[in-house]
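Features of the protein shown, as given by TrEMBL:
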type	residues	note
TRANSMEM	6-23	transmembrane segment
TRANSMEM	30-48	transmembrane segment
TRANSMEM	60-83	transmembrane segment
TRANSMEM	95-117	transmembrane segment
TRANSMEM	123-143	transmembrane segment
TRANSMEM	155-172	transmembrane segment
TRANSMEM	184-202	transmembrane segment
TRANSMEM	214-234	transmembrane segment
TRANSMEM	240-260	transmembrane segment
TRANSMEM	267-289	transmembrane segment
Amino acid sequence: MVLGSVVPAFGLIALSFAFSRRFRPDLSTMLRMTAQLFIPCLIFSSVLQAEVEADKVRDAVLATLTQIGCGLTVGGLGVWLLSKRFATWRDKRELLLPIAFVNSANLPFPIVVANFGTEGLSYAVVCFLVTNFMVFTVGTTLLQGGRKWKNAFKEPVLAVTFCAFALRFAGVHLPPEVLGIPKLAGQAAVPLMLVLFGDALARTRMTRPAVTAGAVLLRYASGALALWLTLTLLRPEGMLRSVLTLYALLPSAVVNVVLTQRADRDAAAVASAILGTTVVALFLIPWILSMGH
């Protein structure tokens with residue numbers, strides 16, 4: 001079951017990686033359509049179809065905030081200590097982003113859908129929304145002093161999610177023929193996210209081995225701490241526990257590179273950290289899923 005869900009996902013990432021390394025395609029239009037059309041449709045249909053209790057949504061929000069908080073705290077302390085000893089770590093606050101903000105959509109959504117279905121995806125959507133909001137607010141504040149944090153409210157996913165939850169709370173049931181439209185579009189999001197993730201990795205280089213090793217260690221150390229706090233304090237059960245375990249130990253998000261480039265910071269170091277955490281995830285995620293099953 002685990003290999004059957006992980007091998008196709010990582011296999012498609014590998015194919016996209018190899019193709020992009022060889023041909024360097026322009027996927028900007030595909031990226032825009034996936035982010036602004038297919039992913040919102042996937043989230044919309046998943047929220048309307050799944051049966052999710054309010055207390056579990058609350059726990060997913062708190063667990064995600066715990067993961068980000070541990071990333072910023074452990075990462076901040078680690079970067080500060082390393083900067084005292086190594087010059088390459090001085091003034092490297094941009095490295096807090098790959099430590100604190102994980103890949104919350106491109107990689108986990110397809111894996112969650114394959115292993116946990118629409119209910120699991122609903123929990124994953126909550127984790128994604130919190131992470132996405134925080135990276136565009138707290139993350140941009142760390143990099144640019146808060147000049148562009150309002151961009152978080154311009155994300156189509158946010159409006160679509162609020163709309164879907166509003167329909168649920170209002171007791172509105174869309175006709176199957178109508179709901180079938182976003183459901184069909186959402187099915188396209190799963191392979192496209194994997195293709196785009198492979199393409200993003202193909203454009204990434206690991207140029208700072210020492211910095212990469214430190215960032216990888218801090219990413220997974222902070223994730224392990226967050227997971228322990230989540231399991232101890234929130235005590236999630238069943239499918240929610242499995243999804244939150246996966247999200248606590250995901251690799252870093254590619255969007256961190258984009259934000260770092262916009263802020264004119266050291267994007268190469270951030271890209272190296274993302275690539276390093278993704279390599280670790282190749283071995284870690286199958287183990288996490290096997291434990292969950």
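The backbone N, Cα and C atoms fix where each Cβ goes, and this holds for glycine too.
Contact between the transmembrane segment (240-260) and the transmembrane segment (155-172) does not hold: fewer than three of their C-beta pairs are under 8 Å, each pair 6 or more apart in sequence. For the transmembrane segment (60-83), same-chain residues at least 6 beyond its ends with a Cβ under 8 Å from one of its own Cβ atoms are 89-93, 95-96, 99-102, 123, 126-127, 130-131, 134, 138, 214, 217-219, 221-223, 225-227, 229-230, 234, 236, 240, 243-244, 247-248. Counting C-beta pairs under 8 angstroms (sequence separation of 6 or more), the transmembrane segment (214-234) fails to reach the transmembrane segment (30-48), with fewer than 3 such pairs.
Between the transmembrane segment (184-202) and the stretches 30-48, 95-117, 123-143, 267-289, the greatest number of Cβ pairs separated by less than 8 Å involves 30-48. Away from its own ends, the transmembrane segment (6-23) comes close to residues 107, 110-111, 114, 191, 194-199, 201-203, 282, 285-286, 289 of its chain (Cβ-Cβ under 8 Å, at least six residues beyond either end). Long-range contacts of the transmembrane segment (267-289) within the same chain: residues 2-3, 5-6, 10, 92, 94-95, 97-99, 103, 107, 111, 115, 201, 204-209, 211-213, 215-216, 219-220, 242, 245-246, 249-254, 256-257, 260-261, each at least 6 residues beyond the stretch ends and with a Cβ under 8 Å from a Cβ of the stretch.
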